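One structure is given below, represented as structure tokens, and several questions about it will come after.
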């Protein structure tokens with residue numbers, strides 16, 4: 001879903017690119033009856049469409065495979081890699097953290113690549129690069145070769161994480177897009193959980209074999225992408241941008257039951273594509289606008305990039321990547337017991353993302369963020385206390401598992417999924433890809449730095465002390481949410497864009513419908 005700039009005075013500056021809503025006489029018939037009240041009739045998603053579910057499953061299997069390798073498998077495999085290849089603590093940190101840094105290259109290149117060759121084939125390219133890297137890692141005879149595979153896998157992950165949600169958003173029917181675009185988080189957490197399970201299942205193999213099998217398992221879901229490319233269609237929006245209108249209509253007919261709605265949707269996409277193409281020549285470069293932003297865009301960047309960075313610097317990746325280290329410090333000794341405890345973490349993380357998807361459009365973004373960040377602060381502080389004063393005993397072990405599971409649960413309820421939802425909502429069409437990439441840069445760099453320094457910092461100030469630091473950062477996240485994150489639940493993209501034009505409305509997070517209409521008319 002996106003916005004296109006409208007240069008005509010007296011109208012909203014931005015219009016929806018591919019939804020059922022446009023302004024004035026272009027309103028959907030169901031909406032015209034309520035236009036005076038500025039309300040919309042909202043249909044509940046019809047989730048019985050096999051075509052849609054096949055497309056979602058295809059692109060989400062990419063997410064699943066990427067996160068099996070990135071987080072789930074590596075958290076356990078690193079124990080046996082260290083034993084087999086005799087790597088140092090610094091090499092362990094670099095091996096774990098470098099993937100987040102190098103994935104930036106894939107994410108930054110993904111936008112232009114997908115515009116050039118299409119969303120579908122960009123997913124295929126990502127799968128091939130990722131599979132190559134994973135295969136090299138599984139067969140690596142030394143740390144150097146292992147790093148080469150890790151770098152390639154990182155680039156593939158960068159491409160895949162960027163393009164899969166975009167493809168889903170552009171292929172899904174308007175009334176189902178909100179529900180369907182929430183599914184990446186489910187598959188991400190499912191991938192992590194499957195990685196934990198495979199670690200536990202293969203931990204009994206010889207040390208020079210088990211970690212290779214663990215890494216190899218991550219290749220399997222991405223293989224499905226290669227076969228799915230034969231069946232799944234290209235994004236209709238990309239086809240319209242390439243003037244392949246007949247093909248775009250054919251794709252829409254596969255995902256939308258009503259031919260009338262297909263015609264309306266196609267007309268909206270064509271209009272949006274016309275505006276977007278015109279802006280390439282009439283407007284200053286997007287990166288120039290992002291580097292020298294207007295006050296409204298600056299507020300969007302503060303919210304979007306800030307929430308992405310806070311998502312990572314609260315230590316969630318350290319908690320997930322190094323959960324065996326945390327549990328060992330609490331008193332668990334055996335490798336099988338360590339890996340078994342991580343399965344509990346993965347199950348908790350997957351369960352509570354389902355809670356978030358159920359509540360996000362009912363309760364709202366900001367209340368969930370408050371619950372999430374306050375809960376995370378409490379759990380991180382409790383984990384710090386437990387590891388500092390109650391470790392190496394049965395009570396300490398149980399409390400450590402409790403606090404870790406609590407931390408990932410609160411993260412999954414709010415900060416985990418909502419930062420991506422906000423990023424997709426607050427930026428207008430012409431800025432969205434590059435602005436989202438900028439937010440991803442902050443997220444990946446923060447994740448990489450945390451992963452690459454956790455063991456060194458823990459050695460300097462203890463593991464418990466490190467979690468006291470994460471608790472302090474998490475408390476700052478509560479303040480950031482209060483001051484810089486407005487509530488966007490139930491608001492149109494036009495209203496959200498208008499909120500960021502006023503400092504008071506941005507910080508207050510509330511915008512009455514009548515106020516939005518008055519502000520738009522003044523523009």
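Numbers run from 1 along the shown chain.
Cβ coordinates are placed from backbone N, Cα and C, and glycine is handled just like the others.
Note: TrEMBL annotation is automatic and uncurated.
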Select from 309-329, 435-455 the stretch of residues annotated by TrEMBL as transmembrane segment.
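In TrEMBL, the transmembrane segment feature sits at 435-455.
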Any idea which of 269-291, 338-360 is down as transmembrane segment in TrEMBL?
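Going through 269-291, 338-360 one by one, TrEMBL flags 338-360 as transmembrane segment.
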Of 181-201, 244-264, which span is tagged transmembrane segment by TrEMBL?
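Here TrEMBL associates transmembrane segment with the stretch 181-201.
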Can you work out the mean pLDDT of the predicted model over the domain 'Major facilitator superfamily (MFS) profile' (56-489)?
81
